[in-house]
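Engineer: Okay, so Swiss-Prot annotates it like this:
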BINDING   GLY12, ARG73, PHE74, GLY103, ASP104, GLY105, SER106  ATP binding site
BINDING   ARG22, GLY23, VAL24, VAL25, ARG26, ARG155, GLY186, CYS187, GLU188, LYS212, LYS214, LYS215, HIS216  ADP binding site
BINDING   ASP104  Mg(2+) binding site
BINDING   THR126, ILE127, ASP128, ARG163, MET170, GLY171, ARG172, GLU223, ARG244, HIS250, ILE251, GLN252, ARG253  substrate binding site
ACT_SITE  ASP128  active site, proton acceptor
Amino acid sequence: MIKKIGVLTSGGDAPGMNAAVRGVVRAALSDGLEVYGIYDGYQGLHQNRIEKLSRTSVSDVINRGGTFLGSARFPEFKDEKVRAQAIQNLKMHGIEALVVIGGDGSYMGAKKLTEMGFPCIGIPGTIDNDVAGTDYTIGYFTALNTVIDAIDRLRDTSSSHQRISIVEVMGRHCGDLTLMSAIAGGCEYIITPETGLHKEELIAKIKEGIYKGKKHAIVALTELMTDANELAKYIEDETGRETRATVLGHIQRGGQPTAFDRILASRMGAYAVELLIQGEGGRCVGVQNEKMVHHDIIDAIENMKRPVRKDLYELADKLF
């Protein structure tokens with residue numbers, strides 16, 4: 001049985017990452033394992049910034065946003081020599097397995113280490129909710145509340161000025177955060193990678209609302225779909241209504257994690273340790289139908305796809 005494990009957070013931070021680290025540390029210590037924290041993700045792993053953690057190391061972190069271990073982008077980890085040095089650093093401390101908390105990019109690093117013979121378990125931590133093999137990722141629901149709060153505030157001022165507002169939401173190539181926040185926030189139109197951008201339909205929908213006497217309209221837009229400010233100008237030119245774009249940006253990644261994210265992160269952290277004790281490696285954990293599951297990390301990255309929530313898109317269309 002393994003005796004020492006490491007844990008790191010990688011990629012964009014997400015509320016609940018601290019709770020996940022805490023779950024890993026305390027579950028491992030309860031089962032008689034030693035735990036080492038790696039600071040600043042794969043970069044810190046390569047630079048040997050590794051420190052032994054205790055129960056008190058993770059005291060008072062469950063309610064904190066961000067990640068106390070830190071995170072960093074480190075594209076150099078694609079280099080096999082860099083990964084070999086990382087593995088050497090792990091072995092120097094006697095670490096036999098690694099828990100990686102992050103999104104798809106972080107999983108790729110874990111996959112590469114697994115292929116080089118070092119067992120890793122991936123935990124999905126990203127507000128984008130774009131990781132395969134799980135219904136929800138850590139941080140998603142906290143970010144959802146942040147976006148909804150912003151939409152509520154935009155609705156107030158948009159109504160006062162009879163204005164059209166575009167709110168740009170994170171998500172990269174996944175529209176889950178935009179979709180759910182649009183439904184919960186009562187937006188009038190949604191643009192995501194799953195729906196595509198249809199300008200004529202958008203203008204027709206807005207004009208229909210104006211004709212019916214609506215004082216405002218809120219358009220929820222997933223980042224990278226189009227330039228939000230250019231779209232605002234286009235809408236204003238076509239409708240004659242003042243239109244403003246609000247890019248929420250990194251505010252979506254911060255803040256205290258919700259109860260759901262804290263519990264999800266704690267469950268996933270403890271489950272990752274359980275898998276390592278059972279001798280599993282090269283896996284990623286998830287939650288499906290409220291049950292903890294695990295998948296081959298290579299299969300999750302290369303073959304598994306997140307299902308499109310057609311039922312929710314249909315609901316959104318009816319409600320808008």
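Note: Cβ is positioned from N, Cα and C throughout, glycine not excepted.
Worth saying up front: this structure is predicted, and the values here are computed from it rather than measured.
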Engineer: Looking only at C-alpha atoms, tell me how far THR126 (substrate binding site) is from ASP104 (ATP binding site), rounded to the nearest Å.
Structural biologist: 9
Engineer: If you count other CB atoms within 10 A of each CB, which of ASP104, ASP128, GLU188 wins among these binding-site residues?
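Structural biologist: Buried the deepest by this measure is ASP128.
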Engineer: Any same-chain residues 6+ apart from ARG172 (substrate binding site) with CB under 8 Å of its CB? Would you list them in sequence order, or say none?
Structural biologist: ASP128, ASP130, GLU223, LEU224
Engineer: Who sits close to GLY103 (ATP binding site): which same-chain residues at least 6 apart have their Cβ under 8 Å from its Cβ?
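Structural biologist: Sequence-distant Cβ neighbours: GLY11, GLY12, PRO124, GLY125, THR126, ASP128, ASP130, VAL131, THR137.
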Engineer: Under 8 Å between C-beta atoms and at least six apart in sequence, can you list the same-chain neighbours of VAL24 (ADP binding site), or say none if there are none?
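Structural biologist: Listed in sequence order, they are ILE5, VAL7, VAL35, VAL99, ILE123, GLY269, ALA270, ALA272, VAL273.
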Engineer: Taking the binding-site residues one at a time (ARG73, ARG253), which has its Cβ surrounded by the most other Cβ atoms within 10 Å?
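Structural biologist: Most Cβ neighbours within 10 Å: ARG253.
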Engineer: Is ARG244 (substrate binding site) helix, strand or coil when read with DSSP?
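Structural biologist: Reduced to three states, the DSSP call for ARG244 (substrate binding site) is strand.
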Engineer: If you measure from the Cα of ARG73 (ATP binding site), which of the binding-site residues MET170, GLY186, LYS214, HIS216, ARG244 is the nearest?
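Structural biologist: Spatially nearest to ARG73 (ATP binding site) by Cα position is MET170.
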